[in-house]
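Lifted from Swiss-Prot, the feature list:
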BINDING   8, 9, 10, 11, 12, 13, 14, 15  ATP binding site
């Protein structure tokens, strides 16, 4: 049965999602008699004895990757779902795991947790019982190699924004991938109700970039409009000797009535002056977090304004 591979920054909510997924999949198995032969094995850094310090040097990292590979080889089988909850941030390693799955003619999916670095550092400080050293945490964020759904070893890819998404919203599509029949099962007439007709991942089972081929360009254009509006507001106040700190900037195009449901705005922080470099950095983060999500164009502006309000204040 499949390998479900979690990937993401440290302290981005992977373990919470992975354990919730175990519960949801087990509930599916318990509620579906024809799935009763399936079992779930969950592996994490903690269960495999991998410590934070093992990520410091490349030599130690090779050892921890060997631990994960060994666990997958040992446990992956026709009737066992293996969930790996680790950083898995090197694309070559994800490819290696994909090859192990392919050798068994079973299925595979990647679940990526997306989370703003500011939130990660806050969670690490306030909510993590075993916090990462800030310097190592920052290094691992810089090292991270983003999965790409166009690569077969990163597909099917489910990208989940942990501060606001819930894995229950994705569970039906994940189940369609997890419980699809393997080649051998197909030949033997296997007929699980959750896998019927799902021999290959398709648009119903995979979270892919939005339908527009230029979606990233659309994200860039819409977010750039908002940044331009904010910078023009700051410049206009500065030119007359005013102060932009603590002011509200309406960034909705063509709608200026604050009581209108279509109006959205950005509140500039009181304590410091917002710079173009700061806005561009937040824009890049926003695009990176949303490039795999299916967002209507008219929702990009309000979502980006909300993202700025959360990260500027």
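Backbone N, Cα and C atoms are what each Cβ position is placed from, and that goes for glycine too.
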Neighbourhood of residue 13 (ATP binding site), C-beta criterion under 8 angstroms, separation at least six: 113, 115, 123, 162
Three-state secondary structure, residue 15 (ATP binding site) (per DSSP): helix
8, 9, 10, 11, 12, 13, 14, 15 excluded, remaining Cβ within 8 Å of their centroid (ATP): 87, 113, 115, 120, 162
Around the Cβ of residue 14 (ATP binding site), the count of other Cβ atoms that are within 10 Å: 25
Which of 12, 15, all binding-site residues, has a Cβ with the fewest other Cβ atoms inside 10 Å: 15
Neighbour count (Cβ, 10 Å) for residue 9 (ATP binding site): 25
Cβ-Cβ neighbours of residue 10 (ATP binding site) (radius 10 Å): 25
List of residues, in chain order, with Cβ under 8 A from that of residue 11 (ATP binding site) and at least 6 apart: 120, 123, 124, 128, 131, 132, 137
